[in-house]
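Enquirer: Have a look at this one.
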Amino acid sequence: MKKIAVLTSGGDAPGMNAAVRAVVRSGIYNEMKVMGVKQGYNGLINAQIEEMNLSSVADIIHRGGTILRTARSEEFMTEEGQRKALNVIKVLGIEGIVAIGGDGSIRGAKTLNELGIPTIGVPGTIDNDLAYTDYTIGFDTSVNTVVDAISKIRDTSTSHGRANIIEVMGRHCGDIALMAGLAGGAESIIVPEVGVDVDEVCNKLLKGRYRGKLHSIIILAEGAGSAIEMSKEIEEKTGIETRATILGHLQRGGSPTASDRILASKLGARAVELLLQDIGNRVVGVHGKNVIDMDIDEALSMKSNFDIETYELTKILSI
């Protein structure tokens, strides 16, 4: 291959820029032309595509968000949208594509492969909800953002003797809540994989108060309930003043951690290596310390295994 393209799609994640940088620099190193697609799959449909060079990706490894911008494309899910995208790809002579994003983006990459365009999927989502890889780009940064928020909220919670419920992202996957709760020393962690027992949470809060605890931190994944509604219920049942904090899109922003920059750089470079060999229909990821790649269909068919051992550990450490 001599001409490839890179896009970022779906929700943004810290480290996407580092992945784009790795794709562009690895491609140019191997004498490829690298095109940047703006606004995700919409950019393929609307021909929002421009050639990138070394200057295009200078000073971006430390930046959050994505310089290519991103979007969720309903049109690309239609046959007409796919026809338009395929026409643009052929007119521009693009031979392969690197798609960076979450589950929907990986499914978009699968569609491109089915249309005859070799495409590699790179996992970029703070939710860490792609089963085939241990970690996704952006997850580590998001966890660190939440841990920082926990520390700040604990300060004011202690001063006022309150309980605080901190709602974090994770509709179907509780990894952010789990790991941030462990690292932040939360008293209770509520995730969609396990569900919620409000009475159990209340009993733990009351036991802590009996021992003289001045604060209580509860981490709630958004898919397991509403922090606002739960705070009202807990306050009614315990008599402890309970406040809710919804971190929202704060978790998607900020400079990526060293771990996310390293992961993104390795995965972006591996994606280019595969395209150099005219290999498509693959995703890249990480198992332990090893960068891996596998068939997209196999990757998408895998079911996430919740880390129940770590969850049980948090219950032991939060007594």
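Glycine residues also receive a Cβ, built from the backbone N, Cα and C atoms like all the rest.
Because the structure is a prediction, the values reported are computed rather than measured.
For reference, Swiss-Prot lists these features for the protein:
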ACT_SITE  Asp127  active site, proton acceptor
BINDING   Gly11, Arg72, Ser73, Gly102, Asp103, Gly104, Ser105  ATP binding site
BINDING   Arg21, Ala22, Val23, Val24, Arg25, Arg154, Gly185, Ala186, Glu187, Arg211, Lys213, Leu214, His215  ADP binding site
BINDING   Asp103  Mg(2+) binding site
BINDING   Thr125, Ile126, Asp127, Arg162, Met169, Gly170, Arg171, Glu222, Arg243, His249, Leu250, Gln251, Arg252  substrate binding site
Enquirer: For Val23 (ADP binding site), what is the secondary structure by DSSP, using just helix, strand and coil?
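Expert: Note: Val23 (ADP binding site) is helical by DSSP.
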Enquirer: Which residue, out of the binding-site residues Lys213, Arg252, shows the minimum number of other Cβ atoms inside 10 Å of its Cβ in this structure?
Expert: Lys213
Enquirer: Would you mind sorting out which of Val23, Arg25, Arg72, Glu187, Leu250 (the binding-site residues) have a C-alpha within 10 A of the one on Asp127 (active site, proton acceptor)?
Expert: none
Enquirer: What does DSSP say about Arg243 (substrate binding site): helix, strand or coil?
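Expert: In three-state terms, Arg243 (substrate binding site) counts as strand.
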Enquirer: Using C-alpha positions only, work out which of the binding-site residues Gly11, Gly104, Ser105, Gly185, His215 is nearest to Thr125 (substrate binding site).
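Expert: The smallest Cα gap between Thr125 (substrate binding site) and any of the binding-site residues is with Gly11.
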Enquirer: When the Cα of Arg171 (substrate binding site) is compared with the Cα of each of the binding-site residues Arg25, Gly185, Lys213, His215, which one is closest?
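Expert: Its closest listed neighbour, by Cα, is Gly185.
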Enquirer: When you rank Gly102, Ser105, Met169, Leu250, Arg252 by Cα distance to Glu187 (ADP binding site), which of the binding-site residues ends up on top as the closest?
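Expert: With Cα distances computed to Glu187 (ADP binding site), the winner among Gly102, Ser105, Met169, Leu250, Arg252 is Met169.
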